[in-house]
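Working notes for the structure below.
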Amino acid sequence: MIKLSKKYCLGISFVLYILLSVCEGHKNLTCDFNDVYKLEFHPNQQTSVTKLCNVTPNVLEKVTIKCGSDKLNYNLYPPTCFEEVYASRNMMHLKKIKEFVIGSSMFMRRSLTPNKINEVSFRIPPNMMPEKPIYCFCENKKTITINGSNGNPSSKKDIINRGIVEIIIPSLNEKVKGCDFTTSESTIFSKGYSINEISNKSSNNQQDIVCTVKAHANDLIGFKCPSNYSVEPHDCFVSAFNLSGKNENLENKLKLTNIIMDHYNNTFYSRLPSLISDNWKFFCVCSKDNEKKLVFTVEASISSSNTKLASRYNTYQDYISNSSFLTLSSYCAFITFIITSFLSFIL
């Protein structure tokens, strides 16, 4: 039996951990200009350099940009990236993303230096319009001295190492199976309700407004409440009310994926699992004091046949994003590191 040295085992664990971590970062739809698409200047660099990070996420996946740190003085453009985006690679046509891609939600920011955002991310919204790209930029700027023909400094100029983030927003073939309680004609959800119109027509009717959707394996589901309403339960899609009105943890019954709980915009999304073993009904509520409750009910149905289920499942397998690999590689990296580190101490 070959006996491995501690240094050798630790070396293996370190290399595997780094390789899998790099793979993870790529699969996680992250444009990392600090460590992957580096924007550092090379010695004697005289011209600007551009690097492109192109990502093609699926709906509801998270895209992240890392631009600068406490040691890297990079600038993100626009500074409000993901709230605002550019519509072209030449940093023109600045758009508010909620107007450019209707249904956008879940922006997250992280600042490692004062008054500067270094990391941003957002979830890819359901999009019924044709596929479209959006852009943000990360820049590292430097002023250099240009020597004249005699070798003496003659002028100064700025050079820029620029990272371009190109995100292709995919297009859905059908609307999200869900309820929009803010408009009678929803651009995202399959059903729409205008609360003002309903209230005017039925001012004396105190019955709650119930919107029911029938969904199957892998279907996108969701709802949107008016801005002055609250959502019950607060963590809808993690938990929900059953038909008895009891709040239940859905993970014990129906493991939903790609959950987005955007309380700022009162918009919630999720996806049904690829396998549903039994019919299941649950609901969440938009509520406001002294107003009718707006009830979003989901009837999740077991597939009618194994053939149909297999067909839907295989179709979905092609659609599954690289984030599944991310989770696997994360565990592999961690477990590999632990095992090889342990071996280094016992061998």
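In case you wondered, yes, glycine gets a Cβ from its N, Cα and C as well.
The disulfide bond annotation in Swiss-Prot covers Cys31-Cys53 (among others). Taken residue by residue with DSSP, Cys53 (disulfide bond) is part of a strand.
For Cys67 (disulfide bond), the same-chain residues 6+ apart in sequence whose C-beta sits under 8 angstroms from its C-beta are Phe33, Asn34, Tyr74, Asn75, Leu76, Ile117, Asn118, Glu119, Val120, Cys138, Gly163. Secondary structure at Cys67 (disulfide bond), taken from DSSP and collapsed to helix, strand or coil, is coil. Look at Swiss-Prot and you will find Cys67-Cys138 (among others) tagged as disulfide bond, backed by similarity to another entry.
Sequence annotations record features per position, and here Swiss-Prot assigns disulfide bond to Cys81-Cys136 (among others) based on similarity to another entry. Taking the Cβ of Cys81 (disulfide bond) as reference, residues of its chain lying under 8 Å away and at least six apart in sequence are, in sequence order, Ile65, Ile117, Val120, Cys136. When secondary structure is read from DSSP and collapsed to three states, Cys81 (disulfide bond) falls in the strand class.
DSSP gives Cys179 (disulfide bond) a strand state. Among the features that Swiss-Prot reports, disulfide bond is placed at Cys179-Cys211 (among others).
Under the heading disulfide bond, Swiss-Prot lists Cys225-Cys286 (among others). When secondary structure is read from DSSP and collapsed to three states, Cys225 (disulfide bond) falls in the coil class. Close to Cys225 (disulfide bond) in the fold, though at least 6 residues off in sequence, lie Phe181, Thr182, Val231, Asn266, Thr267, Cys286, Leu294, each with a CB less than 8 Å from its CB.
In this view, Cys284 (disulfide bond) is surrounded by 24 other Cβ atoms within 10 Å of its Cβ, with every protein chain counted. Per Swiss-Prot, the feature disulfide bond maps to Cys236-Cys284 (among others).
The domain '6-Cys 1' annotation in Swiss-Prot covers 27-172.
What Swiss-Prot records for 175-305 is domain '6-Cys 2'.
Residues or ranges marked as N-linked glycosylation site by Swiss-Prot on the basis of sequence analysis: Asn28 (among others).
Swiss-Prot lists Asn147 (among others) with the feature N-linked glycosylation site. In three-state terms derived from DSSP, Asn147 (N-linked glycosylation site) belongs to an extended strand segment.
Feature annotation from Swiss-Prot assigns N-linked glycosylation site to Asn200 (among others).
The N-linked glycosylation site annotation in Swiss-Prot covers Asn228 (among others) and rests on sequence analysis.
Just so you know, the Cβ of Asn242 (N-linked glycosylation site) picks up 14 other Cβ atoms within 10 Å once every protein chain is counted. Taken from Swiss-Prot, the feature N-linked glycosylation site covers Asn242 (among others), and the record attributes it to sequence analysis.
Its Cβ taken as reference, Asn265 (N-linked glycosylation site) is surrounded by 16 other Cβ atoms within 10 Å in the chains shown. According to DSSP, Asn265 (N-linked glycosylation site) is assigned to coil rather than to any helix or strand. Look at Swiss-Prot and you will find Asn265 (among others) tagged as N-linked glycosylation site.
Look at Swiss-Prot and you will find Asn322 (among others) tagged as N-linked glycosylation site.
Taken from Swiss-Prot, the feature GPI-anchor amidated asparagine covers Asn322, and the record attributes it to sequence analysis.
When Cβ atoms from all protein chains are considered, those within 10 Å of Cys179 (disulfide bond) total 29, not counting its own. In this model, the domain '6-Cys 2' (175-305) carries an average pLDDT of 89. Of all the recorded positions in the record (Cys211, Cys236, Asn265), the one with the smallest CA separation from Asn228 (N-linked glycosylation site) is Asn265. Counting only residues at least six positions away in the same chain, the Cβ atoms of Pro153, Ser154 sit under 8 Å from the Cβ of Asn147 (N-linked glycosylation site).
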